[in-house]
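The feature ATP binding site is assigned by TrEMBL to Ala113, Gly114, Ala115, Gly116, Ala117, Gly118, Lys119, Thr120. Residues annotated as domain 'UvrD-like helicase ATP-binding' in TrEMBL: 92-598.
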Amino acid sequence: MFVLDGEECVLEFRQLLKQNRYIPFREYQEFLNRYDDLFRRTDITNETEELRTIANSGYELIQKHNQAVIDHQLVLYRDYFDHMFDEIDPSIHLDEEQRRAILDQEDYSLIIAGAGAGKTTTMAAKVKFLVEQRNVSPSKIAVISYTNQATEELEERIRYEFHLPVHVMTFHSLGMQVVRHMFNTPLKPVVEGEQKQIIIDFVKQELFPNPSLLDDYVETFNAYKVGEYPLFSKGFVANYKKFRTFDEYFADYKKRKLAENKDQLLKIVTYRMENYLKDFRTLKNERVKSEAEARIADFLFYNGIPYEYEQPYPERIDQERAYLPDFTIYVDDIPIYIEYYGLSTSTHHGTNTLSKRTFEKYQEIRHKKRVFHKNHHNRYIELDYELEIDGKKLSYLDILKIELAKYHVPMKPRSLEEIYDQILDNNVEAEFFNFVNLMLDIIAKIKANVNRNRYLDKIREFVISQDVPDSLKSTWIHEAKLLSRLYSYYESQILPKSRVDFADMIYYANKYMTSMRDNLSGLEYDYIIIDEYQDISLDRYQFAKNLSVLSNAKVISVGDDWQTIFSFAGSRIDLFYRYSQLFAGSKQLFINHTYRNSQQLINQVGQFIMKNPLQIKKDLISSKRQDHPIRVRYYMDDEFAVLETVIGEIYEQNPNQHILILARRNKRLRDMFESGQFIKGIGTRAVSKKYPNAYIDAMSVHSAKGLGADQVILLHVTDTDFPCIEPERMWLVKLFTPTAFEEEFPDAEERRVFYVALTRTKNQVYLLTPSNIDKQSRFLKELF
C-alpha cells in the first residue's frame, strides 16, 4: 500500500507541474493533505529520489513552475498590457513589476508599492485583467479602501474609465452591506452630525430635567480641558442654572448673542457664510459636494424657498444606487428637481479643464437624468457653472433665478436677524462642544474595541492596577459611572432604532459573519483587493480575513510599510510585517519604480527610513534626476516671512507649479492663517497675499498621504514637531485607544510621518527650521 501511495503521489505531482497555469498555495496544500500519512512516514527516506524531492522541496518546485508560468504570460500578454491605457491616458505604461503583480494568482499576496509608484494604476489594471482575461465576473470582485477620497479615485478609474461595474467600497460601506444582510432589516447609518445630536439630546432630555445630575456632569468633566479650553464654557457655567429646560437656556443664549453682536450682524453673517463655504457647508449646516452647491442652497434659504438636499427620489435611475437629486423644492406640493453639473461654455472655467473621460461621464449622467425626468413629466432644472447665451455670460445663480421664475416660485428674502438666528441654531452645542466631542471620542474608541461589552470591567481593572491615591481612584470611578450613563443612552438611540454607527458596521459584521456561511447572497467574492493595507487595524484585518474565508476568496493587499502613520486610529504595522503568518502561503511582490520622486530624493530619504531595521527593504528607482531635492530654509522669529519668500522663489521660476504646504500639527496652519500673510481658501486652498495667483494647498502631513505636488514646503521642522510631542490626554481616552504595536526602534512612526512629508514632492521639498540649532529637529540632522 505504501509503494502504491508513493507512486500515486509522484504521478499527481508530475501532472501538477505539466499544467500551463499558476498553482496557488491552497491547491498545493490540498495535495499535501491528501498524502499527509505518506509524508509523515519515517521510512520515506527509503523511497524513490523523486518522492523524497517532493517531500523536501515540493513547494520550491511549485514556485519555480509558477515563475515560469508568469514569465511566459508576460510575453503572451505584452501587447495587451502595452495598450491597456490607450483610451484613457496613452502616457501610462505598466512596468514589468506592475505586470507581474497583475499576472500573479496566489491566494494571498502583499504588493508593496513605494511612494508614487502607481499603486492605483496597478490595482485598476489588476481588476481589468481579471475581468477581461480571467473571465471573473465584476460582481465577484470587491475593492476596499479606507477613505471616501481614495474610494472615489479607484472608482473613477475602474467603474468610469474602464467601464467595469466592480464593487469599490470603504471598509465601513462593505461592513454596512454585511450587517444589513445579516439583520435582514432596513438599517440607516448614523453620520457625524447625528452622533453629535445624540449627545446634545442627552444634555437636553437627561441632564436639564435633573439639575443635580447636570451639576455633577459639569463639575466633574470641567476639570478637563481641550487645549486651553474647558469642556463647558464660562458662559454655559454662568447661565445654565437659571433655566429649567434646555430650550429656555438656548433661547437665552441666542438673546445674549444677538444683543452682543447686533451692531455687527452683517460682518458676522458674511464671515460665517464665507467660512461655511470653505468647508462646503450651507447656512443650514449641511455638508454638500462643492462651493457652488453651498451657494445654491444659501440662495434658496436666503430667499425663503424651503428645500431638501439630496432627498432620495422614490425610484432608482439604475439598479446600482438610489437617485439623490441635488435639490428638491415644492410649489403647491409639486416637486421641482434641481441638478448642478458644474460645467461651463467659457474657456476660463470651461470643460477643457476636465479630462475627456470626466467630461464624457458628466454628459452621460446629464443625459440619463434628463431622459428620466422627461419620461416622468417632472419639473426639472439643470444648472451649469456658467453659460454663454447670446454673447452674455450667465452664472449658475443667474440661470437659477430665470428657471425659478418660469415655475413661479415665490421668493421672500430673509432678514439679517433671521439668518443669524439660523447660524446660532446650527451650533446648539456652542457652549459645550468640547464636552460633546470628547464624549463621542471615548464612545467611538469603546465601540471599536472587540470586547466593547466588557468596557466597565476594563475600567475597573485599570483603576485597581494603578498605584495612585484612593481619592484619585474614587474620582475615576465616578467619572466612569457618568460616562456609562451617557454611553447607555447613546446605545439606546442606535440599534434599537434600526441605526448603526461606523464602529457598529465593522463590529457586528465580525461578530456574526461566521453564521452566514449558508446565506452569502451578494457577498460571494472571488477576489478581495485591499487598498492602503499599511493602515489596517485589527478589526478590519479580522473583517477582511473572515470574509475571504467565508467566500473562499483570494486576497490582494496593496500598501507600503514606510507610510504607516495612523496608529492613533488603530492601524497596526505588525499586521503588515506578519502578513505571511496571518495569510498562510502568501506571496510578497514589490513595485519599486516610482514616478513622483527623483532618484536623489529616494536615496536620501531611503537611508533615513531604513535606519529602522524592521522596515522592509526596498530598492526604489526613478528615471527622474534632481540636484539638491531637499532644501533647508532657516528662520529666526518670523517663520511665515521665510515661507512667503520660498513661495516667491517658486512662483517667479514657474507660476503654474502646484505648491503644497505641510505641517505636523494643524495648529501650525492656524498660525499661518492668523499671521496676516495668508488667507484660508476653499477646502485646503491657501492664498498668499503677496502672491495671490500662486496655486497653493495647505494641510497636515497625515491628510497629504497619497497626494503629490510640484513643490512641497514643510513647516516647523523643530524638536517639538519632528518627532511630535503629543499633549497629555484624558485617562479614559488613553485607556480605550487601540493598543499600538510596540516598535523597538525609537520614534518609528514619527520617522515615517517625516518620510511621508518628504516624498509628496515631484521636484523639491523645502524644510523650514529655526536658525537656533538646539530647536531644530534631530531628523533634519540625520538627513544630511
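Backbone N, Cα and C atoms are what each Cβ position is placed from, and that goes for glycine too.
Features as recorded by TrEMBL, highlighted on the structure.
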| residue | record | Cβ neighbours (10 Å) |
| --- | --- | --- |
| Ala113 | ATP binding site | 29 |
| Gly114 | ATP binding site | 26 |
| Ala115 | ATP binding site | 24 |
| Gly116 | ATP binding site | 21 |
| Ala117 | ATP binding site | 26 |
| Gly118 | ATP binding site | 22 |
| Lys119 | ATP binding site | 23 |
| Thr120 | ATP binding site | 18 |
Point to revise | Other residues, Cβ within 8 Å of Ala113, Gly114, Ala115, Gly116, Ala117, Gly118, Lys119, Thr120 Cβ centroid (ATP site) | key: Thr122, Asp560, Ile591, Thr594, Tyr595, Arg596
Revision key, fill the gap. DSSP says Ala113 (ATP binding site), in three-state terms, is strand
Check your understanding: Any idea what the model's mean pLDDT is for the domain 'UvrD-like helicase ATP-binding' (92-598)?
Key -> 90
**Study point:** Secondary structure at Lys119 (ATP binding site), reduced by DSSP to three states
**Key:** helix
